[in-house]
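To start, the structure under review is shown below, and the notes come after it.
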Amino acid sequence: YNRVWIPDPDDVWKSAEIAKDYRVGDKVLRLLLEDGTELDYSVDPESLPPLRNPDILVGENDLTALSYLHEPAVLHNLRIRFAESKLIYTYSGIILVAMNPYKQLPIYGDAIIHAYSGQNMGDMDPHIFAVAEEAYKQMARNNKNQSIIVSGESGAGKTVSARYAMRYFATVSKSNSNAHVEDKVLASNPITEAVGNAKTTRNDNSSRFGKYTEISFDERNQIIGANMRTYLLEKSRVVFQSENERNYHIFYQLCASAQQSEFKHLKLGSAEEFNYTRMGGNTVIEGVSDSAGMEETRKTFTLLGFQEDFQMDVFKILAAILHLGNVQITAVGNERSAVSADDSHLQVFCELLGLERGGVAQWLCNRKIITTSETVVKPMTRPQAANARDALAKKVYAHLFDFIVERINQALQFSGKQHTFIGVLDIYGFETFDVNSFEQFCINYANEKLQQQFNLHVFKLEQEEYMKEDIPWTLIDFYDNQSVIDLIEAKMGILELLDEECLLPHGTDENWLQKLYNNFVNKNSLFEKPRMSNASFIIQHFADKVEYKCEGFLEKNRDTVYDMLVEILRASKDSNQYQFGKTKIFFRAGQVAYLEKLRLDKLRQGCVVIQKHIRGWLQRKKFLRERQAALTIQQYFRGQHTVRKAVTAAALKEAWAAIIIQKHCRGYLVRSLYQLIRVATITIQAYTRGCLARRRYRKMLEEHKAVILQKYARAWLARRRFQSIRRFVLNIQLTYRVQRLQKKLEDQNRENHGLVEKLTSLAAARAGDAEKVQKLESELDRAAAHRRNYEERGQRYKATMEEKLAKLQKHNSELEVQKEQIQRKLQEQTEELKGKMDDLTKQLFEDVQKEERQRILLEKSFELKTQDYEKQMCSLKEEIKALKDEKMQLQRQLEEEQATSRGLQGEVARLSQQAKTISEFEKEIELLQTQKIDVEKHVQSQKREMREKMSEITKQLLESYDIADVRSRLSVEDLEHLNEDGELWFAYEGLKKATRVLESHFQSQKDCYEKEIEALNFKVVHLSQEINHLQKLFREENDINESIRHEVTRLTSENMMIPDFKQQISELEKQKQDLETRLNEQTENMRGNWTPQGPAFRKREFSNELNHTREEEGIHPQEKEKLMDDIHAMPEVSEGLKKQVETEPKVESSLRQEASRLTMENRDLEEELDMKDRVIKKLQDQVKSLTKTIGKANDVHLSSGPKEYLGMLEYKREDEAKLIQNLILDLKPRGVVVNMIPGLPAHILFMCVRYADSLNDASMLKSLMNSIINGIKQVVKEHLEDFEMLSFWLSNTCHFLNCLKQYSGEEEFMKHNSPHQNKNCLNNFDLSEYRQILSDVAIRIYHQFIIVMENNIQPIIVPGMLEYESLQGISGLKPTGFRKRSSSIDDTDAYTMTSVLQQLSYFYSTMCQNGLDPELVRQAVKQLFFLIGAVTLNSLFLRKDMCSCRKGMQIRCNISYLEEWLKDKNLQNSLAKETLEPLSQAAWLLQVKKITDSDAKEIFERCTSLSAVQIIKILNLYTPIDDFEKRVTPSFVRKVQALLNSREDSSQLMLDASYLFQVVFPFTPSPHALEMIEIPSSFKLGFLNRL
């Protein structure tokens, strides 16, 4: 049955279920309430109770997603979200509904702003930031102005919401200028709140004015300024406050700061001393510091550029208002009043404003009436004088408020052009108090207009659009408040009657109220007269009925201030003290007209000057135009006259003849030129078309070959994919079967344990009997004869045991024979498989040769590649040899296990000895039993019972298995032991052996499966490897011609790179650790023959290296033969290992793990060897080319001999700037870092530092160090957003810092130096101070380096980690009720998880190329992974549609991708994985069951990296996406929360994504010898000289 909502006096609406079918026309509806009671509810057939939404829709973030949208559904949905889920925001279409929690929530930090920035409105949880982001994107996308209207009742949180919206705009649109416009815009809020907000009974910070802030943006959508407009300031609050209310905050802030030295001249005291601040009875707001508020107000004044004197002038006026309120007015009779001229507060008021005391005292109690004939001064009564004083205070405060707003707008003005703007309207909400007056009437009237605007946009315009497009639509019945607005503002409405009454000389509030009664009572349903009052009226507003007191309506509407008081203020003596002279109201008499006259005179003079120049320019332009026209006419007429004189008949004939001749001549020339061009064009076309045809043919040929290669490649990929899937399925099947077997073994172990317990109880019973037997020790002598019988039986048992051992040895020999047979079979299978592989290889080679017969060059290339393939096979055989060594280690481990088995056999022997002792003891018992027949019978009965139980248990164990198989595995002796009477020990041994037989049965089945799987894996691996190498051959053959051309080009450019190659060769020779010895020997041998040259010496170095390389290559044939032998021996070894694994089940699992590990290592080593082979081949080619080049150079140039360098670079003082410019400022890292050693610029700089140190020139060294540091700072500042440049100079800064440490001469840094490196230490200066400076520079570079990486990867994180769905079966599934909103940005280029991994790989490769220290790389990766986890988790907290079980699976999958990336880059020890632990636990929390108490306990124990707030947030956000999932019940959430109460963790919901881990710069000594470093010519450092 459906559920409905029925009205309830306590809960407003109550839920009930329909217990009986309702039929049309029924008057009663049978309902079942939630407490179980039944109710007959009377219904109207035309107005049935509203239906309740399904539970799956309750709690949705958009009210428009509900199936039934009515009052109870809306209230219930808001209550569920607010009370249970702790969510204060809910959408209702384009409207955001906010519930005021009356406490601070941690959902407005910068991390939340960044999470909502750039997101679509429907993708995130409802939030004020989502609305602000939507407005910002609509403005940026459509270039249209936007507005956000914040409305609601008093105390609903409108001011705070508007403040958060403005802060969002200031954060996301922050400009790069130094004007800090965003901070100024935000600074306007504290000032306007101080002078315009006050405490009411409903709100401690209620806005008593309306504010519309227009935030201006430029074309780049950055804030450039703002403008503020205010409405309806509640001036009456200055002079009157209701109970438990306060005046404006600024007055209390002044009183709280009265004792400060800068405010003492204001002569203020506490707020309780002034009438205008103590009327409400409570001058303090709990939890709010007024003195701190004053500091904040002054700080924002300063931020907006308001000078100190301006601030003090404002405070003087505010203090004067407080003192004015304390001026005492005394009554003089019934018609007069007076103010004492000695009143202290009046004196202070006049001093602060610079007024004459007597005039103020006079005109506070009198007023001037001016008629046509005379001027009359009329005294006022005490109430009238008090009203005049209060009116003056209100007038002064209102103008001060307007003046402050005007100055704020001036501070927020901007010089450029406004492109667009976003307006934020913070208007006071609907108010109803115990006493409502004119202010509440105006506020509620404004809210009526706002509600009408809301109805217009949400209902009227939308439905009119539907009707205009002829779409079937049922009109929605909504409340239209136009009638209330007409009651207030229409002709002869309430406001017009009020204005009319104010114009009457004797108009009163009572007369006006009587007119309202006469016009509207019983005539307008929205106007009522209270029953118990004749001084008020009631209006039915859209929100509620409000009763207004008419007292004071006329006075407040008139807002009268007497002219004489205004004149006194105008006559203020101190213009600096009283600032109203700057407005139009308070100028002295005649001042405005005089200033206006001066302004007009200046304007008139300026206009005359401008007119003079403009008119002169116009007249000159007109004259020039007329003169030019006259000249043109003259030229025309004079030309005509001359022609007429010159033209004759003879001239015409000559001209005609010349034309005829020109025609024929020009025709001939044009024809000749045309024929020439035509022939050339035809020739060009022929060559062009031939070239295009040949090119098209080559392209078609290449495409055909590419298609053939793709065919084989895709077939191989398809086979590989199928094999991986099949291998995966087999692994799953094996795992499942092993688990089942393990479960059966566990059940068997539990049954064995029960039997052992029974045996233990029997042994205890026997021990009790033994105590009784001990009493019969006196009769042991008669048992001697029986003891001999037991000894004979023991000897027989010993003989049987020896027979068993002989049988076991025989059985072992049989197993050895079987082992050899199986090994032979395996060898035969291996040879057969090899034959098949050879056939397959031959077939593939034949296919290749058929396709490539037409090109001889490619056949030669194929032979060369075949040789390379054989070399790769050699490297693989080397790896197989290493694998064999590993397997030998495994054999040794097996031998150790066999030793352990022998130890176990010794243990069996020891137990047998103990069994003998037991048998001897039983002999003694038998002797005693013969003496005691009763005891013997009892013991025999126990043995029979035990024997029966043992047989029953054994039968039960054997019933589920093959009885014949089990008995065949048990020896005859074992069966005899089981059936032998009285032998408890042998029965127990038999039971254990039966258990072992069962275990061996299971193990044999398991081994069979594993053998099959290993055989298949072995075949698959070898086949895939062979096919992989063949596919490589196919790909490389097509590229051989291109590679040859590139090789020729590269060899021609090698001459320019001799220093770099020499450096690489020197590094290889240094790794051999014998370079120096061989070089010295060669040098000594050559001195006797001829003077060596630099190039010749280099030639010998390369020749030696080449010979050494060839010697190393000579070893390979011998290793090949050994590897071939090892390959043939491997099947036998493998079979032996498998047999041993079968005999030793405990070792089997470890062997399988070791084999898989070795397989993975084999693949990694194979790849590494391939790379090494390519590097060696490349170096050999380089050595050959360099040998030829140096040989040629040797024939031409001679030198004096080899040089020994000192590792220094000589430079001149004047070249220092050039050094910094070329090496630091102008150096481009891209393209040159590949050919450089890591940190080459740093090493060059340090070599220059060594030179300055060797000269012992302090000024030169200081200048160089300062220039280096400043240069690094400058280049980093110029490239703040260039990731590659930052990475390059972070690396070089660290290398330079390490060089300063390594060669500093300090022992702690010299541990890893070579003796030669220790000789290169600095000798004269201590640079530890510069090391500290460089360390600080490196830290700053690192932080900027991290910021750039974060800025690049942050937009990719949420789409890739959270939104992208790569798992099959999850795509397209969304939680019920979530409606995707239209995006205001183009999101066609969606990011995926691959994008995240590609970005990380780019960062990693760039850091490695630039030579960044591996430890720094790990720290940077850890920081990036923390950012990924934090941003993803923060976004997850804000998106209910992402909190589901399947999304948790997706997140877990993406985390595994990141972990795999870490493993691939060998970064497991970077602690980056640990930073993802909160996200991983959140994904686990989404997937785990959330029902029982054990689930709650498991969540408490597992989610240690998540705070209690975060866990509860995820549980509340969890949303099922289908019927198979269920919501988390509130009771379960309370259980988890109760467990989490013991935690003392942070209350912050969001992770701080901007957190930076502390960076540590490791000391890594440079392995490069300074004397071997050469400077590339590309550095343009020819002015440096190596010493």
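Note that Cβ sites are derived from N, Cα and C of the backbone, with glycine treated the same way.
Secondary structure counts, DSSP: the domain 'Myosin N-terminal SH3-like' (1-53) has 0 helix, 27 strand, 26 coil. The domain 'Myosin N-terminal SH3-like' annotation in TrEMBL covers 1-53.
According to TrEMBL, the domain 'Myosin motor' annotation covers 58-575.
Residues annotated as ATP binding site in TrEMBL: G152, E153, S154, G155, A156, G157, K158, T159.
According to TrEMBL, the coiled coil annotation covers 731-843 (among others). Model confidence over the coiled coil (731-843) stands at 73, taken as the mean pLDDT rounded to a whole number.
According to TrEMBL, the feature coiled coil maps to 873-945 (among others).
Feature annotation from TrEMBL assigns coiled coil to 1058-1085 (among others).
Taken from TrEMBL, the feature coiled coil applies to 1148-1196 (among others).
Taken from TrEMBL, the feature domain 'Dilute' covers 1266-1542.
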Problem - Beyond the site residues G152, E153, S154, G155, A156, G157, K158, T159: chain residues whose C-beta lies within 8 Å of the centroid, for ATP - result: N100, N203, S206, G429
Handout entry: C-beta crowding around S154 (ATP binding site), within 10 angstroms
Key = 20
Handout entry: Same chain, 6+ residues apart, C-beta under 8 Å of the C-beta of G152 (ATP binding site), given in sequence order
Key = A98, K158, G429, F430
Completion exercise
For E153 (ATP binding site), the nonlocal same-chain Cβ neighbours (under 8 Å, six or more residues apart) come out as G429, F430, E431, A543
Fill in the blank from the handout: Quick note, A156 (ATP binding site): same-chain residues at least 6 apart with CB under 8 Å of its CB -> A98, N100, G429
Problem - Candidates G155, G157: member of the binding-site residues with the richest Cβ shell (10 Å) - result: G157
Exercise for the section: Give me the non-local Cβ neighbours of T159 (ATP binding site): same chain, 6+ apart in sequence, Cβ-Cβ under 8 Å, ordered along the sequence. Expected result: E193, N197, N205, S206, S207, D426
